[in-house]
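Engineer: Got a structure for you, questions after.
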């Protein structure tokens, strides 16, 4: 007896989480190597494109995303989406051993709170109506309420990119991940349209002649490239054990909001379900605050430490610099 569709979806979703969680670590190590050899991604460098380890992480992430995409074909979103939280556990576990990034006890509590809150949101999320054609998705995407959401999202992204990134990008994790998550919520709509187009085309009903199909492909490509660019900056600047859960939480939250606006799912829900979703949001917010408050900062050189490089090989410590200091004092002595 073969596996049921739900079993296939679960297997694919678990495999997807393992690949995506691992990709964070591989890309982080690749970004560190690239930063040591050239300009860091966090300050606008692109030397990581020449780093094989970063590409290994990219390939791993693509495999994970494809597995996740196929999982939605076999199993409902309420079953697949919560399993995405496993990528947080995988990422934190590997970061602990491979990157020596320690997660404090309260950080673990924050991570668990994020996962629990996200699961509560997904479990109590309304059942989404599955469109039967690309044209139906286009009709939903061009309704006034969703167009307002798209305009607000793009305006916020522009504000983050033009105003907040130059000032706070290196110190506030939410700037980079805000851009990734906002664009990601738009990516979901495009990816769903593309998936339906592929499925219908394979069933003999070609969707390639419709301009909406190519429009969604273009939007998805732009959004994915933007997400990857700013996710690289976030990984290069902040602790990977923190980037992974916060990104997951923000992306999931905004995706649910976009889905509720687009498909008007809350109109058919009872008060209890809506209240449960709000409690989930509060739990997620609390976990995010705990993670930010207890995150381990990237190591920085101690203030006042001077390292002198001699002949390119030997290194003098500050204790060995008394001769140089004396000369400087003699030079300024009246």
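Glycine too: its Cβ is placed from the backbone N, Cα and C atoms.
This is the feature table in TrEMBL:
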- 6-26: transmembrane segment (TRANSMEM)
- 46-63: transmembrane segment (TRANSMEM)
- 69-94: transmembrane segment (TRANSMEM)
- 106-125: transmembrane segment (TRANSMEM)
- 145-162: transmembrane segment (TRANSMEM)
- 174-198: transmembrane segment (TRANSMEM)
- 213-231: transmembrane segment (TRANSMEM)
- 238-262: transmembrane segment (TRANSMEM)
- 274-293: transmembrane segment (TRANSMEM)
Engineer: What else in the chain is close to the transmembrane segment (6-26), if you only count residues 6 or more beyond its ends and a Cβ gap under 8 Å?
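Structural biologist: Long-range Cβ neighbours of the transmembrane segment (6-26): 53-54, 56-58, 60-61, 63-65, 67-68, 70-76, 79-80, 83-91, 93-95, 98-99, 235, 240, 243-244.
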Engineer: Are the transmembrane segment (174-198) and the transmembrane segment (106-125) close enough that 3 or more Cβ pairs fall under 8 Å, when only pairs 6 or more apart in sequence count?
Structural biologist: no
